[in-house]
Structure formats: C-alpha cells, structure tokens
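Chemist: Structure provided below as structure tokens; questions to follow.
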Amino acid sequence: MELWYTEKQTEHFGITAKIKRTLHTEKTDFQQLDVIETEEFGNMLVLDGMVMTTEKDEFVYHEMVAHVPLFTHPNPKHVLVVGGGDGGVIREVLKHPSVEKATLVEIDGKVIEYSKKYLPSIATALNDPRVDVQVDDGFLHIAKAESAYDVIMVDSTEPVGPAVKLFEKGFYQGIAKALKEDGIFVAQTDNPWFHGELIRKVYADVQEIFPITRLYTANIPTYPSGLWTFTIGSKTYDPLHVEPSRFYDIETKYFTKDLHKAAFALPRFVDDLIK
C-alpha cells in the first residue's frame, strides 16, 4: 500500500508527496507537529498541516532569510531569530564571522526538540556556544527589547495560530525599537499567487516604519506555489546598494552575490502588489 501526504494550500489546490513513514506526530501546546519521511524530499517538518521545511530544499529559504540582511549590514554582531526552531536560519547566521551572538526565540520547544532528532543537518548549530536558545513568545521578547540587535529575522509559520500577531503593524514597530539605530530586519511574507493581499499589507506597514523597504523572492519547491517573498526593512543600509567588497566567500547552495541583487528584480504582478 502506498502512503501519500497532501498539503491543501487553498480550497482547490495542494501538493502531494509519497511518504515512507511517519516519524513523529504530536499535538503540542501550540500546534499539530508531524515529522514524515518522504521519498523525494527526505524528512519533512509539518506544522498544522503546512510544510515548514524538508531536508532536500531547506537551504533555499534559510540562506535567503539570513544572508541578504547579513551582507547588507556592514558589521552585524548581535542577531535575533524569531521562530525558526528547526535551526536552519541560525546555521546560516553563524557562517558570518562578525556575528558574536545569535539569539533564537521559539515559542514551541517541541519544534526544537524534534528538529534536533529528525532534522540534524538543519539543527546542527543550535548547540553552538554563540547561540542563546530561548523557548518563549517572540512577540513578547520583541516588546521588551530596546536597541539590542543589529539584525532581526522573523522566521515564522503562516499567519495562523500563534504566528498571527507576527504579521501585525504593532509587531514591526516593536522590531524597529528593538533594533539598533542602523538595524535591519527581514520577515518571510508568503507567496504572491495565493496571498497577494497579505504581501501588500505587510509591505505597506513596514514602509511606514522603515525608511528603506524592499521585497525579494526565492524559489522553494515545497512551499505554496513555489515562489516565496521576503520583506526587508532597514533604518540605514539599502540591500540593493551593497558594495561588492562587502561580499566574502561562505558555503552556500543557493545564495550568491549576484543572486543577492537579482532577488529584488520582481515579476510585474508582484511589483504591482507593492506600488
């Protein structure tokens, strides 16, 4: 008998993967958590029925969340990751030699626990001495912080359940306060095919708070539609105008210095969302 997992991405569309077995399933205090072993994409983390990451394509998302802001900022020392309990963004953050401390604030400790167990290649950096892992509410953490971080990365789930408030204007205002005077933040902002209005709203909210606001994209096969967006807000530095000398060699599979700029070249229908 064949086993297949389907993520219903809209009322009329979804993606399906053939699975070998279910590795773990649990209703945590915050969400339904499943880890499944798939034929095509390796181990897959699923939260509330939505694919969060897979062993095969995880590097695209994690590299694009981390390296775009970290190459934009000339000297990022203190970095905060909100969400991201799988550890992939933290792994990429630590590739930058200027980073002295990376704080991870994940609301659901079970995500951290089972990522370490079933996604070790992604969670590999969570025990690094430069990393401060806190099982806490990222929204509350931001509210208490002031001029504390050079770069903040919001690696949230979709805007449902505990992540809803991470897409609100008040949260972005809190981020601006938590950043240093030349700080940068980035957030994943879903896909333009099914959630164009969300992108439009988030971009407008961020633009009211940060003098430099940009949208960029990446191609992630297991995410809805495959085309994913990220919104970056900066107090000082423009990600479109990074001096070539600021780029240095790090080990990546997707990100390059040329792709850094190219990612901001938007399809017209996406660009129209933010005009």
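Including glycine, each Cβ sits where the backbone N, Cα and C put it.
Straight out of Swiss-Prot:
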type: DOMAIN; residues: 2-235; note: domain 'PABS'
type: BINDING; residues: GLN31, GLU106, ASP137, GLY138, PRO162; note: S-methyl-5'-thioadenosine binding site
type: BINDING; residues: HIS62, ASP86, ASP155, SER156, THR157, GLU158; note: spermidine binding site
type: ACT_SITE; residues: ASP155; note: active site, proton acceptor
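Would you situate these features in the structure and describe their surroundings?
Modeler: Across the residues of the domain 'PABS' (2-235), the predicted structure has a mean pLDDT of 96.
Around the Cβ of GLU106 (S-methyl-5'-thioadenosine binding site), the number of neighbouring Cβ atoms within 10 Å comes to 24. In three-state terms derived from DSSP, GLU106 (S-methyl-5'-thioadenosine binding site) belongs to an extended strand segment.
All chains included, 27 other C-beta atoms sit within 10 angstroms of the C-beta of ASP155 (spermidine binding site).
In the three-state DSSP classification, ASP155 (spermidine binding site) falls within a strand.
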Chemist: In which DSSP state, out of helix, strand and coil, do we find GLY138 (S-methyl-5'-thioadenosine binding site)?
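Modeler: The residue in question, GLY138 (S-methyl-5'-thioadenosine binding site), is helix (DSSP, three-state).
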